[in-house]
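Structure, as structure tokens:
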Amino acid sequence: MKQDSRFPNLFITDHPLIQHKLTHMRDKDTSTRTFRELLREITLLMGYEITRNLPITTKRVETPLVAVDAPVIAGKKLAIVPVLRAGIGMSDGLLDLVPSARVGHIGVYRADDHRPVEYLVRLPDLEDRIFILCDPMVATGYSAVHAVDVLKRRNVPAANIMFVALVAAPEGVQVFQDAHPDVKLFVASLDSHLNEHAYIVPGLGDAGDRLFGTKN
């Protein structure tokens, strides 16, 4: 992973496989089915990177040869929380990696002024649990900020929250960092800028529409 000196809490997963698959996702001619499969695959690969610092303890197990104290992840099961609707496509990849994880949902849509409007919150029990929030895009950053706000208002500590996205605009990352400098943001690409319609450039279009085969 690499970092950008402008954004201390931003981590960019620049693995060649991730970048290769992301290029195919950007292609406007990529089919809905392939887009969906690539999103799942990239998220799984990113999940490997973002979970590398999970707390570890040991468990006594019997191998065919000997008893040994072997490493296992400590604490409660992870919680994966997609930001609806496009985040659903990322939760599948994370569940492939951590099938025992709990799953919550935060439903947010963008109003005409690009501010988030919340319509759904369903979460597992919060105490002592690590949360991975996921949404393919961090454009204006407002939805990502709102999703973290939902957890913090329920007393989830910042150290137990991670946000993962495919692509982000610098404007959105700045908004996220200003609001939550204590929460790590993981992306596959920091793109150039937002256009006049608040779309990421070069981006990959509307992730939700491309994922579900709908039109905005």
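Using the three backbone atoms N, Cα and C, a Cβ is placed for every residue, glycine included.
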Self-check item: Co-listed 5-phospho-alpha-D-ribose 1-diphosphate-binding residue [Swiss-Prot; alongside ARG85, ARG110, ASP135, PRO136, MET137, VAL138, ALA139, THR140, GLY141, TYR142, SER143] among ASP4, ASP14, ASP206
Solution: ASP206
Quiz item: Of all the binding-site residues given, namely ARG85, ASP135, MET137, GLY141, SER143, which is spatially nearest to ILE200 (uracil binding site) at the Cα level?
Solution: MET137
Quiz item: Which whole-number value in Å describes the distance between the Cα atoms of ALA139 (5-phospho-alpha-D-ribose 1-diphosphate binding site) and ALA207 (uracil binding site)?
Solution: 11
Quiz item: Within 10 Å of the Cβ of ARG85 (5-phospho-alpha-D-ribose 1-diphosphate binding site), how many other Cβ atoms can be counted across all chains shown?
Solution: 18
Quiz item: About how far apart, in whole Å, are the alpha carbons (Cα) of GLY205 (uracil binding site) and MET137 (5-phospho-alpha-D-ribose 1-diphosphate binding site)?
Solution: 10
